[in-house]
Amino acid sequence: MTNVVVVGSQWGDEGKGKIVDWLSERADIVVRFQGGHNAGHTLVIDGVSYKLSLLPSGVVRPGKLAVIGNGVVIDPHALIAEIDKLGKQGVQITPDNLRIADNATLILSLHRELDGFREDAASNSGTKIGTTRRGIGPAYEDKVGRRAIRVMDLADLDTLPAKVDRLLTHHNALRRGLGEAEISHQAIMDELSSVAARVLPFMDTVWLLLDKERRKGARILFEGAQGTLLDIDHGTYPFVTSSNTVAGQAAAGSGMGPGALGYILGITKAYTTRVGEGPFPTELHDEVGQFLGERGHEFGTVTGRKRRCGWFDAALVRQSVAANGITGIALTKLDVLDGLDELKICVGYTLDGQEIDHLPASQAQQASVKPVYITLEGWKESTVGARSWADLPAQAIKYVRQVEELIGAPVALLSTSPERDDTILVTDPFED
């Protein structure tokens, strides 16, 4: 038995929600360790759809403990809204099934506003990153700048005013520079007071909780958000998110030592998608790209934005395997490729006439690389609902084997539809 870390190996939207839900039945605890409510997923359980952006997937399953770690930035208003929405769907969230790290950073209204101000200014200058305008980046900035308001601060009214002063000294200077009205100290105090009673009952010392549960033999599932190529360090900077999304962050963002993380499962789509700005070497602007988007229903859960689509990029996923120490992958949306006459896989790039086997860190070079493809025969048969290798066409199996060889990691799970049971289990990560 081992713990399992789930990470996206591409630009997010790889189908982590279904796989995490599938694994959560085997877990005792499900932990979010980075990001905020800027990435969402939909779970379908007994015909009911649950849309989650901040809460760990475990909250919708009875008997599971969901944990939000210190690496997450928490918008208390979004948290309360998500809890209330689930309550109306019959899922009651209490301290018995949800705990929040006392040292997690809060996203406030001023963070959301600053995010929007900056994106508007960047749009005018052609330097837009394409954020969700939800305040994620500004909240992480305050965390690193040591001026953030954290969950525990809601319980300490004696020291809170001084912390708000420090926060506003920074933010009001920015707002003046942007030509925006300053925010009063009382407005922030009122905002914090309005959410404290709803948030504090869930507060806990998460690192200690997880350590105790680990020693008792609990199975812990760490649920990543976004994807490796959106990592602040290892992604396509600056078109990235504001946190580390790689597996190592599961330790830093929860307080669990890295030696206890266990199996690293990389969720990997059978083709490639990306939302928003940034380089995308295998992007398709033709009818195949349109086919993938329509067949794969490639629209964002949180923003509704249309995703850009392209061929599978083995060079990029190979980098993700290395950066995360991926043990095995869950290959998703294989069924979307049904019916294509031929399939291409990117195995590397050319840059200035030279062949390279990885995506450079340089923004200019990332924009200049050209993909090098191999071509495989497609398949006409349907893979939808396949639950064993015997259900798959021979060419589909060849495609999967080629992916494994090129990325240097085995397929542990294979998903053939959005339905959670339409999954081929090769290796149970909890038993590996």
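Quick reminder: no glycine exception, Cβ is built from N, Cα and C everywhere.
Look at Swiss-Prot and you will find D13 tagged as active site, proton acceptor.
The Mg(2+) binding site annotation in Swiss-Prot covers D13, G40 and rests on sequence analysis. The DSSP secondary structure for D13 (active site, proton acceptor) is coil.
A 10 Å cutoff on Cβ-Cβ distances gives H41 (active site, proton donor) a total of 22 other Cβ atoms nearby, all chains included. What Swiss-Prot lists as IMP binding site is D13, E14, G15, K16, N38, A39, G40, H41, T132, R146, Q226, T241, R305, and the listing cites sequence analysis.
Secondary structure from DSSP puts H41 (active site, proton donor) in a beta strand. Among the features that Swiss-Prot reports, active site, proton donor is placed at H41, with the record citing sequence analysis.
Taking a C-beta cut-off of under 8 Å and a sequence gap of six or more, G304 (substrate binding site) has no contacts in its own chain. Marked as substrate binding site by Swiss-Prot on the basis of sequence analysis: T301, V302, T303, G304, R305, K306, R307.
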The one of N38, T132, Q226 whose CB sees the fewest other CB atoms within 10 Å, among these binding-site residues: T132
Entries of D13, G40, H41, K306, R307 which, being recorded positions, have CA atoms within 10 angstroms of T132 (IMP binding site): none
Cα-Cα distance linking R307 (substrate binding site) and N38 (IMP binding site), given in Å to the nearest integer: 15
Coarse DSSP state, helix versus strand versus coil, of K306 (substrate binding site): strand
Subset of recorded positions (D13, Q226, R307) lying within 10 A of G40 (Mg(2+) binding site), CA to CA, in sequence order: D13, Q226
